[in-house]
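Worksheet: the structure to be examined is printed underneath.
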Amino acid sequence: MGAGGPRRGEGPPDGGWGWVVLGACFVVTGFAYGFPKAVSVFFRALMRDFDAGYSDTAWVSSIMLAMLYGTGPVSSILVTRFGCRPVMLAGGLLASAGMILASFATRLLELYLTAGVLTGLGLALNFQPSLIMLGLYFERRRPLANGLAAAGSPVFLSALSPLGQQLLERFGWRGGFLLLGGLLLHCCACGAVMRPPPGPGPRPRRDSAGDRAGDAPGEAEADGAGLQLREASPRVRPRRRLLDLAVCTDRAFAVYAVTKFLMALGLFVPAILLVNYAKDAGVPDTDAAFLLSIVGFVDIVARPACGALAGLARLRPHVPYLFSLALLANGLTDLSSARARSYGALVAFCVAFGLSYGMVGALQFEVLMAAVGAPRFPSALGLVLLVEAAAVLIGPPSAGRLVDVLKNYEIIFYLAGSEVALAGVFMAVATNCCLRCAKAAPSGPGTEGGASDTEDAEAEGDSEPLPVVAEEPGNLEALEVLSARGEPTEPEIEARPRLAAESV
């Protein structure tokens, strides 16, 4: 019997080994989101040793974040081809090697290639597979699981920032990078526990063709994506798409992608600039580094609390609007705190920012999972991360350039806050429009775009189609179905009989 993933027709276990997977996802998320921000405590030393401006130095974090997001489609393809566990093990080695090599860098370009490209790629190859595996283990408790996993970011941020400051003071930035590279090897341990969820044997209707459980000679599996297709006839061979670009035609996905682009332009800027902003305001180095810890401490509480709140039956259908509210609150926090200069005002900003930032972090992937469904989530996540990469390459470096030119942080906070607030308003308005259009338009049979699985298989050649997702009441609109059912929709289960029928 293959171990590629859960058997069709069986829902996620919502527990068991899933809690171990959740713990690993917690660690990976912490490294992925906390590491690029924590590296900012080394910027002053890098600026001095390389005689560079802040904008040039900030490219290290920006490239790291861009690789984390921009290689999303690559990660999706690798997960579909090789599975979650091998990809995460390779990613952990790459992330560690990048920081170790960066400790020997003599030019900024070498830092860009090592700490930026290699470490960013390694983090990406850990982050996306961990989210995919988390979705395989949790369905009913998925909002809570997402919130708990997302709490890894503030926990690690609150720990890595002071740790980086201590390493910088004791060993210099080179010794600090070397030790942080060793710390990233924990990603390999996280990848090792990412085994596919167990499942029962195939459904009885598939046994009627004469194949016994686990003995089908044409069994094809996708280890990490949790997809398992069995050939019922050697003459018809279903093929799997390594990256499902058809998700781009989905209204819900388009709304989410635009929202994430606007959000990423400004969301990370305050956190990246915060330490140096405080230092320029006369705050001691240790106290300035502790500001990120304050953000992290508040974020730790906000993420699981918001995840549990979003899992309530009455609120879960309205998760997109909660996400919009979180974005709006984050943007308004930046706008109202642009003139903060005293340490007390900066602490108040960190508390408000950590609360809204935690809400965004807890809800962002839950909204995407609910919008596109589990079967298309790997491809959708990869494409969304690619969109975010473009915004990350624009936002923080542009902010750093403005700081160098204007010597003023105030306009940076105004710009960042406006972008994030605009993302929240757009998400709410566009979601409402999609829901209204879906209610007004008659529902048609089949999926949009029209081609059948067998036609796709013949056209793709070397790719194998993902399982068909039955047409729901419009993806984002399908969230409203939750209010009547009290639990999430499972479009992939509805589509399974069709897949079995077409393969005969």
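Glycine is no exception: its Cβ is also placed from the backbone N, Cα and C atoms.
Model, not experiment: these values are computed from the prediction.
According to Swiss-Prot, the topological domain 'Cytoplasmic' annotation covers 1-14, 80-85, 137-143, 194-254, 311-318, 432-504 (among others), on the basis of sequence analysis. Here Swiss-Prot flags 15-35, 59-79, 86-106, 116-136, 144-164, 173-193, 255-275, 290-310, 319-335, 343-363, 377-397, 411-431 as transmembrane segment. Look at Swiss-Prot and you will find 36-58, 107-115, 165-172, 276-289, 336-342, 398-410 tagged as topological domain 'Extracellular', backed by sequence analysis. What Swiss-Prot lists as compositional bias 'Basic and acidic residues' is 204-214, 493-504. Taken from Swiss-Prot, the feature compositional bias 'Low complexity' applies to 215-224. Under the heading region 'Basolateral sorting signal', Swiss-Prot lists 450-484, 485-504. Annotation source Swiss-Prot lists compositional bias 'Acidic residues' at 453-463.
Sequence-distant residue pairs (6 or more apart) of the transmembrane segment (319-335) and the transmembrane segment (411-431) include at least 3 whose Cβ atoms are under 8 Å, placing the two stretches in contact. The transmembrane segment (144-164) is in contact with the transmembrane segment (343-363), judged by 3+ CB-CB distances under 8 Å for residue pairs 6 or more apart in sequence. The transmembrane segment (116-136) makes no contact with the transmembrane segment (290-310): fewer than 3 of their CB pairs lie within 8 A, with pairs spaced 6 or more apart in sequence. The helix, strand and coil residue counts that DSSP assigns across the topological domain 'Extracellular' (165-172) are 8 helix, 0 strand, 0 coil. When Cβ-Cβ distances under 8 Å to the transmembrane segment (411-431) are tallied for each of 86-106, 255-275, 343-363, 377-397, the top count falls to 255-275. The listed stretches are 86-106, 255-275, 290-310; of these, 255-275 has the most Cβ pairs under 8 Å to the transmembrane segment (377-397). Per-stretch counts of Cβ pairs under 8 Å to the transmembrane segment (290-310) identify 343-363 as the leading one among 15-35, 173-193, 255-275, 343-363. Here the transmembrane segment (255-275) sits against the transmembrane segment (343-363); at least 3 CB pairs are under 8 Å, leaving out pairs fewer than 6 apart in sequence. For the topological domain 'Extracellular' (398-410), the residues of the chain that approach it from at least six positions outside its boundaries are 53-59, 269, 272-273, 277, 280, 338-339, 416, judged by C-beta separation under 8 angstroms. Within the topological domain 'Cytoplasmic' (80-85), the DSSP-based counts of helix, strand and coil residues read 5 helix, 0 strand, 1 coil.
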